[in-house]
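Asker: What follows is a single structure, and I will ask about it in a moment.
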Amino acid sequence: MATVGVLLLCLCLCLFAPRLCSSKEEGPLAARTVLAVAVTMEGALRAEAATGGRSSTGDVQRLAVYASLETDSRLRVRITDADHPRWEVPQDIIPRPAPGDVLHDAPPASSAPLQGRVLSPAGSDLVLTVHASPFRFTVSRRSTGDTLFDTAPGLVFRDKYLEVTSALPAGRASLYGLGEHTKSSFRLRHNDSFTLWNADIGASYVDVNLYGSHPFYMDVRAPGTAHGVLLLSSNGMDVLYGGSYVTYKVIGGVLDFYFFAGPNPLAVVDQYTQLIARPAPMPYWSFGFHQCRYGYLNVSDLERVVARYAKARIPLEVMWTDIDYMDGFKDFTLDRVNFTAAELRPFVDRLHRNAQKYVLILDPGIRVDPIDATYGTFVRGMQQDIFLKRNGTNFVGNVWPGDVYFPDFMHPAAAEFWAREISLFRRTIPVDGLWIDMNEISNFYNPEPMNALDDPPYRINNDGTGRPINNKTVRPLAVHYGGVTEYEEHNLFGLLEARATGRGVLRDTGRRPFVLSRSTFVGSGRYTAYWTGDNAATWGDLRYSINTMLSFGLFGMPMIGADICGFNGNTTEELCGRWIQLGAFYPFSRDHSAIFTVRRELYLWPSVAASGRKALGLRYQLLPYFYTLMYEAHMTGAPIARPLFFSYPHDVATYGVDRQFLLGRGVLVSPVLEPGPTTVDAYFPAGRWYRLYDYSLAVATRTGKHVRLPAPADTVNVHLTGGTILPLQQSALTTSRARRTAFHLLVALAEDGTASGYLFLDDGDSPEYGRRSDWSMVRFNYKIPNNKGAIKVKSEVVHNSYAQSRTLVISKVVLMGHRSPAAPKKLTVHVNSAEVEASSSAGTRYQNAGGLGGVAHIGGLSLVVGEEFELKVAMSY
């Protein structure tokens, strides 16, 4: 039966993806046998697998297999050539435990095949079984016996082509990840292929490889367990998902698999980001609203935009400028007519006086201009010899400024060069963050006649059509420092540039850096935020933005958003209005548009301005919550924006939900994603759900429920789940002003009468985020036995250095979902046993919602955030 299963897998591969079965590199699968197995003193497993004889297909004869349980929840299986070193992601780029030595002096194979060996340390839920003849391996879950990864016999390992297939349980596996692609579904569809090769392709194109490569997926299986799988490789690849199998086809490197036990989605991302690096902490101001456009005319144009946002009373935190500001599109220069230092510097200074920020774009290509010794960046780059090479000379590309050289960020001096250029430029224009674009790397030159690296034996499905991998990028034969070819390093460039940029900003400012990168790889979240690239002003792109946002949360990149109102093409008033209602709840919220398209600043249409004020007004109230979620992301990898199954993994109905999302565990966003409707269909998992705009109980369900909600043109549905305590502040036009307002606590009761939450506070831009810096953590708890008796809200100050030295107060507590037969005649309020005024003039009142639960507003409070308190509310009838 095993042989039949393998034949069926191969048949499915050819039926559903014939292109993947036509490569000249593919041929008879090599049967391998384990020749030797050893267990190291550290408990790792080492083995050698070899083919039965000389292969006519170029298979590597001897493979070294290394397997180790690196933590109780993380298993590594690495397969490489036993006799020759091969490219793999360098340790200094993604620090990780080094594998053990390979077996070079294994004993010859015996006539009787070795039995399968098992790696199953006590305390771990992961079990590895290595099968001897033919060689294959299986990863299973000890607690359930469920098989997580089961490779088919016939692993292929050639110099430029590696292939391995794993069976999956048909009907039970739900896969997410394997990016970056614009997909119409967050859950991966059966019989689909996923190409990973960083490319300058517009995000408006569906089902093609885009700017980043993340060979990681999460598998959520009924009834609610989850695990993760990473193939750590920077080489180009196709991954084919057929529902009952997943096949990797990689054009180089090694097979370096990591398996993460979970057993729930939050645990998987915790384990994954523990390996690849935790997400970078973002400055508080970056959670404000951002405005950008490719095509701003001059500094006066920027000034008008800022002034009109203020006049319209729409929050604006950060003003951005695209490549328009440059002199001939050259990095670290200013246009000599429209964006002179004499005009731009005072504009930036005025932004700063108003507690607003300024961000500029950089592209990696440095203009080749040897006759112009005044372009200092080029001159210094040549002096330090840090550019990418070809045949011993600098590789010439072509982008916006014309011919360019690209910094080689694998060169040990390149990061220092980049940091110095940032510092020199900031002396003229003190930008607050940097946006790095075109770093796939994008290259406008048409491919030259191809060689073996341009067109390897297996052609991945680049651009959805199998284009050569040199299309619109640096040629794979270009050489990085140390002799590494672009063929191997290609997918790492954006990560390396983000690392150099972030470190440069940190060194120059001493503050927490904000970097936004278009190209990403495994671990990029350690250095950069991300946006979904060049989307289009269409309703489809509005919908797809949720899928990409949720996928990047899995990849350890929680600070993500899409260009609000769409980048390419002309938007419409209705689309822009609905987009800001969604975009106000992206972790990264920015309006951006392309040159020669209609402008789309939010104030241009009265209806969009109204939607913006309402949605962004709520976002700014939620800033303490967003920032607390950023702290959670930095400490545990938990996404800010999450799919519903993160909180409800046992509810199978949530597995396919991708038109709604959660912020943290408590806030549910259900936007309108089509033109015309004034209602939206939403799914509510089991529990109580309260409207965040008016605090009323909207849905109470024990099993999960689909509900049609009213969604008038100026409103997005946002709900708070029962059991949550949510700290809010008041809305303002900047985050700085919002931070100076008093806190409110929303206490949304669960069915059992409990609720909890927490608040993280610091100065908003200290580099030592939540560790050695000045910070505070406060936990809030609520419990009322059987929904009867006095109400008690308690705070617990876990860490207090920040709040203790500042006057931060909670002026109001709102209790939502209190069951009461009638409105109480009187509310008596005690704080730490002392009675306080509870009059209507102080803002205390009770809103009776009948059987759906009442809302008690307790106002006039001065609860000090940095001091523990107990708030007790008694109701007299």
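Just so it is clear, glycine is given a Cβ too, placed from its N, Cα and C backbone atoms.
The following feature annotations were taken from Swiss-Prot:
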type: SIGNAL; residues: 1-23; note: signal peptide
type: REGION; residues: 89-115; note: region 'Disordered'
type: CARBOHYD; residues: Asn191; note: N-linked glycosylation site
type: CARBOHYD; residues: Asn298; note: N-linked glycosylation site
type: CARBOHYD; residues: Asn338; note: N-linked glycosylation site
type: CARBOHYD; residues: Asn391; note: N-linked glycosylation site
type: ACT_SITE; residues: Asp437; note: active site
type: ACT_SITE; residues: Glu440; note: active site
type: CARBOHYD; residues: Asn471; note: N-linked glycosylation site
type: ACT_SITE; residues: Asp534; note: active site, proton donor
type: CARBOHYD; residues: Asn570; note: N-linked glycosylation site
Asker: Please name which of the recorded positions listed here, Asn191, Asn338, Asp437, Asn471, is nearest in space to Asn570 (N-linked glycosylation site), Cα against Cα.
Answerer: Asp437
Asker: When you tally the Cβ atoms that lie within 10 Å of each candidate's Cβ, which of the active-site residues (Asp437, Glu440, Asp534) has the highest tally?
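Answerer: When each Cβ's neighbours within 10 Å are tallied, Glu440 leads.
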Asker: Quick one: Cα separation, Glu440 (active site) versus Asn471 (N-linked glycosylation site), in Å?
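Answerer: Taking the Cα atoms only, Glu440 (active site) lies 11 Å from Asn471 (N-linked glycosylation site).
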Asker: I'd like to confirm something. Which of the recorded positions, Asn338, Asn391, Asn471, Asp534, has a Cα closest to the Cα of Asp437 (active site)?
Answerer: Asp534
Asker: To the nearest Å, how far is the Cα of Asn338 (N-linked glycosylation site) from the Cα of Asn471 (N-linked glycosylation site)?
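Answerer: Taking the Cα atoms only, Asn338 (N-linked glycosylation site) lies 34 Å from Asn471 (N-linked glycosylation site).
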Asker: Cβ neighbours within 10 Å, counted over all protein chains: which one of the glycosylation sites Asn191, Asn298 has the most?
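Answerer: Comparing the glycosylation sites Asn191, Asn298, the most crowded Cβ belongs to Asn298.
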Asker: Between Asn191 (N-linked glycosylation site) and Asn471 (N-linked glycosylation site), how far is it from one CA atom to the other, in Å?
Answerer: 26
Asker: Where Asn471 (N-linked glycosylation site) and Asn298 (N-linked glycosylation site) are concerned, what is their Cα separation in Å, rounded?
Answerer: 34
Asker: Under 8 Å between C-beta atoms and at least six apart in sequence, can you list the same-chain neighbours of Asn391 (N-linked glycosylation site), or say none if there are none?
Answerer: none
Asker: Sorry to bug you, but what's the C-alpha spacing from the residue listed as 'active site, proton donor' to Asn298 (N-linked glycosylation site), rounded to the closest Å?
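Answerer: On Cα coordinates alone, these residues lie 23 Å apart.
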Asker: State the count of C-beta atoms found within 10 angstroms of the C-beta of Asn338 (N-linked glycosylation site), not counting that atom itself.
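Answerer: Excluding its own Cβ, the number within 10 Å is 17.
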